[in-house]
Structure formats: C-alpha cells, structure tokens
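Feature annotations, courtesy of TrEMBL:
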type	residues	note
BINDING	ASP8, HIS10, ASP41, HIS197	Mn(2+) 1 binding site
BINDING	ASP41, ASN79, HIS114, HIS195	Mn(2+) 2 binding site
BINDING	ASN79, ARG80, ASP122, SER160, LYS167, HIS195	substrate binding site
DOMAIN	1-199	domain 'Calcineurin-like phosphoesterase'
Amino acid sequence: MRSLFISDLHLTPGRPDITRAFLRFLEQDAPTARQLYILGDFFEYWIGDDVMDEFHLQIAGALRRLSEHGVSISFMHGNRDFLVGERFCQLAGCTALPDPSVILLAKEPVVLMHGDSLCTLDTSYIRFRKVVRNPLIQKLFLSFPKRMRRKLADRLREKSMSAAREKTEPSMDVTPEAVTDALTQYQSKTLIHGHTHKPAIHDLEDGQQRIVLGDWDTYGWVLEHNPNGFDLKKFTI
Ligand code: OKV
Ligand code: MN
C-alpha cells in the first residue's frame, strides 16, 4: 500500500538530467506503488496540448506505461503548467486532479494542493494568476498561432525571472493563515503541497502537519505514504 507524491520537476528539454531521473523513477520506484500523485509544475511551461513534440510524447508515453502497469496517476496543475489539457492526460493515462483535492490515506482525509494559492502575500503573482486563469482569456490565448503563443510565453517568463530576483523571501512562502484555513475547511489534519521548493515535514498545533514536496534540481524528491506513515525521500539527480 504505497502512495507516491511528486511536484515541481519543471521538466523541460533544457534539463535532460531531470528528465532521465524522472524516467528512472517511473521504472524503478513507481511501479510498486498503488497511486502516483503529481502536484503541479510537472512541466516548466505549457502553452497548449497542440504544441507537444517528441519530448512531451516521450514523457506521456512513460506515464502511460506506468498507468497500464496498474498504477493510478493523478495530475494536478501548477502555476506553470496550468494549461495542460485533456489531450495530454489521455496520452499519459492520467486523471486530472482539481486544486485543492481531499483524498483518504489510511482512512484519514488529506488535503492536496499545488501551493501557490497558499502564498497569499505574493500580490503581484495573485494579479498575474487572476488574468491567466480566466477561462475566456485562456481560450483567447489558445486561439493564437503557436509562434505567437511561444513568443508571448517566452517574454512573460523572461519578465518573471527578473522580477523573482527582486522579491523578498517571506512573500514567496505560504502564510500560516492560508494553511490553517485549508485544514479547517476540509476538516483535515494533513496538508501536502509543493511550489515553495522548501521540502519539509512541519508538525503544527493540534497534531496537524504540513508536508512540503521538493523541486527537482540538484536532488529529486518523492514523498511516500506507506503503512508506517510518511517518508520524504531525497536522491541525487
Ligand atoms: C507560466 C509563469 C509563464 C508564473 C498567457 C493567457 C495571456 C495563458 C498564458 C503564457 C505563459 C503559460 C500560459 C508561464 C507561468 C510564466 C511567467 C510567470 C509566476 C495568457 C493564458 F498572456 F494571454 F494572458 N500563458 N505560459 N509565471 O510560459 O508556461 O507562474 S508559461
Ligand atoms: Mn509552482
């Protein structure tokens, strides 16, 4: 009875080392699990399912192989790959998982989120999110020619990279209020999320816990839940 949780791989053709580590994980670790939960920012960027190439098809194929092996795969969007759609999920044998979602682990409710919505002090990002998550604006963006989408996305990412350096650390992390609100709303003691790139298991008041997944860069991170509880595993890429 193993469940695995990953997020923030930021897969891109520019990081073949991370892609290889992920494909290795799919072959060596994931097949003996019952479920695999992908909690957002699986891809570094996504501008439409119609822009998939060899790289994306290889990853979708590897995921599909795992799903056909009997592992159920759930895919939650992150703040980068929120445009991943039905076509990719179908190719990859994944089921879309809304943000937030509540699952049962050892009969206990557990809240799953990407984590960006917990960073309630990041006002400039919240503004950006409101625009790009608007269904009408998404429809308009997806109606643009591919080269125009590419150009616009490249420009937005460049702009955001220079802005991120100016941001002070605390505004990027989750706020305790947002965490408490989520746990209260879903009457759960455990919250699992990614996004902040600060992997840890935080024990909170009243037996509550917040588990933060790690981003894949120098190390890869996998959270495992088994009959003994949670285990946040770290390995070199
Ligand atoms: C994803 C982030 C780029 C953060 C644009 C409407 C627009 C969608 C989009 C374009 C960008 C996703 C889809 C990307 C996340 C960035 C920069 C910062 C902080 C529109 C709908 F422009 F028409 F309104 N986009 N891409 N950022 O390159 O994957 O999360 S992206
Ligand atoms: Mn994120």
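Cβ from N, Cα, C; glycine included.
What TrEMBL annotates, mapped onto the structure for a quick look.
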{"residue": "ASP8", "record": "Mn(2+) 1 binding site", "Cβ within 10 Å": "26"}
{"residue": "HIS10", "record": "Mn(2+) 1 binding site", "Cβ within 10 Å": "20"}
{"residue": "ASP41", "record": "Mn(2+) 1 binding site", "Cβ within 10 Å": "29"}
{"residue": "ASN79", "record": "Mn(2+) 2 binding site", "Cβ within 10 Å": "19"}
{"residue": "ARG80", "record": "substrate binding site", "Cβ within 10 Å": "22"}
{"residue": "HIS114", "record": "Mn(2+) 2 binding site", "Cβ within 10 Å": "25"}
{"residue": "ASP122", "record": "substrate binding site", "Cβ within 10 Å": "19"}
{"residue": "SER160", "record": "substrate binding site", "Cβ within 10 Å": "13"}
{"residue": "HIS195", "record": "Mn(2+) 2 binding site", "Cβ within 10 Å": "26"}
{"residue": "HIS197", "record": "Mn(2+) 1 binding site", "Cβ within 10 Å": "19"}
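Checking each of the binding-site residues (ASP8, ASP41, ASP122, SER160) against HIS195 (Mn(2+) 2 binding site), the C-alpha distance stays within 10 Å for ASP8, ASP41. With respect to ligand 1, the binding-site residues ASP41, ASN79, ARG80, SER160 contribute ASN79, ARG80, SER160 as residues with a C-beta closer than 6 angstroms to one of its atoms, given in sequence order. Confidence across the domain 'Calcineurin-like phosphoesterase' (1-199), taken as the mean pLDDT and rounded to a whole number, stands at 96. Checking the binding-site residues ASP41, ASN79, ASP122, HIS195, HIS197 against ligand 2 with a 6 Å cutoff on the Cβ atom leaves ASP41, ASN79, HIS195, in sequence order.
Put simply, HIS114 is the one of the binding-site residues ARG80, HIS114, ASP122 whose Cα lies nearest to the Cα of HIS197 (Mn(2+) 1 binding site).
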